[in-house]
């Protein structure tokens, strides 16, 4: 995408973008929630669709002139339905957090009880964290992983549910390297009369490719982001495998009298006008492009390689005496407990950044350090796989990471980081991103 006009008009922003292009091109991205969007997705993001207000939904807008943005939103919805095998989808949420808020506000009242995975055990802010709306407006209870295995103990989840009787149970994570047993969660939800929501923001691409458990047959609601493993623009989405009459008794007046609203109608109204106004039509157009890409056979090949690369990295880390929380990975990421290496997550993140490798510090289960320091790092393979890297690259990268972490606290740390940075730049230089290349 050419930005010569920006270079002339706003050199400061142009320089920032230029430097970010170099960073993405010459360094290795291992943050699990990041990826490279295709040039086609980027073009849609930067299209004239950004100029159009379109409050409402296709065919029912509050503004005129929406006939072409309606085409884009209809395509996004139909492609998402095909990709995930769902009956209902709302592609308007601006983010995964907005999608989660839309569901929670649709079925809960302030003070209602919810359950979600503890943030420090791999959950997400919107699953009940005390610093987030989900933990401030609702009575949030967190389940966790077993101290020894690092796995979610479903018996403990059931015990908690029977004790606190939640209105909503959330299954999903931002730093859990195993799959979720959605069927078992649904059985627990049914026992206590709770709604079940799956937040698949991280593994959505792997689920769409059929590589992980499908939440659609078991969960009342499924939310996701559209970037991460889906390689789309930054945004959110709400889905339901099957629509159903809302059990809260919300009705609507029709010519034939009052009827019970379908759950899809409740959610649509909660997104707009409930928590949002005008949708981001350029982003929705880009979502449609990304879903179209994900429906191609090449996307499943990509998803298979993402998981293979993660498995190879985890095994290599384990062979070098690193502690992978839960003992390995079945998805695209791993959470590494660095306490046996006597290095904090913050130190590891900073050293690896100097070495041209981007990761994020992350709390580990039962961490005794603050979120600003942490005892671990989170690593993911979506972006490196988009570069065309395979298992051999994954193993070589782990060896480089080990060199950097092993040099922590030594006088040679700067030299080691410089050497590794040169090797990373050379490795990235042999693997151009092509259709996913971040260019000016």
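Placement of Cβ uses the backbone N, Cα and C atoms for every residue, glycine included.
Features reported for this protein in Swiss-Prot:
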- 119, 123, 124, 125, 370, 371, 372: (6S)-5,6,7,8-tetrahydrofolate binding site (BINDING)
- 228: N6-(pyridoxal phosphate)lysine (MOD_RES)
- 227: site 'Plays an important role in substrate specificity' (SITE)
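Taking the binding-site residues 119, 125 in turn, the residue surrounded by the fewest other Cβ atoms inside 10 Å of its Cβ turns out to be 125.
When the recorded positions 124, 228 are compared by the number of other CB atoms within 10 angstroms of each CB, 124 has the fewest. Counting Cβ atoms from all protein chains shown, residue 372 ((6S)-5,6,7,8-tetrahydrofolate binding site) has 10 others lying within 10 Å of its own Cβ.
The number of other CB atoms found within 10 A of the CB of residue 227 (site 'Plays an important role in substrate specificity'), across every protein chain shown, is 27. Set side by side, the binding-site residues 123, 371 differ in how many other CB atoms lie within 10 angstroms of their CB, and the most is found at 123. The record assigns 119, 123, 124, 125, 370, 371, 372 to the (6S)-5,6,7,8-tetrahydrofolate site; their largest pairwise CA distance measures 17 Å. Distance from the CA of residue 228 (N6-(pyridoxal phosphate)lysine) to the CA of residue 123 ((6S)-5,6,7,8-tetrahydrofolate binding site) is 16 Å.
According to its DSSP assignment, residue 370 ((6S)-5,6,7,8-tetrahydrofolate binding site) is coil. Cβ neighbour count for residue 370 ((6S)-5,6,7,8-tetrahydrofolate binding site): 10 (other Cβ atoms within 10 Å of its Cβ, all protein chains included). Under the DSSP three-state reduction, residue 124 ((6S)-5,6,7,8-tetrahydrofolate binding site) is assigned to coil, being neither helix nor strand.
Between the alpha carbons (Cα) of residue 372 ((6S)-5,6,7,8-tetrahydrofolate binding site) and residue 227 (site 'Plays an important role in substrate specificity') lies a span of roughly 25 Å.
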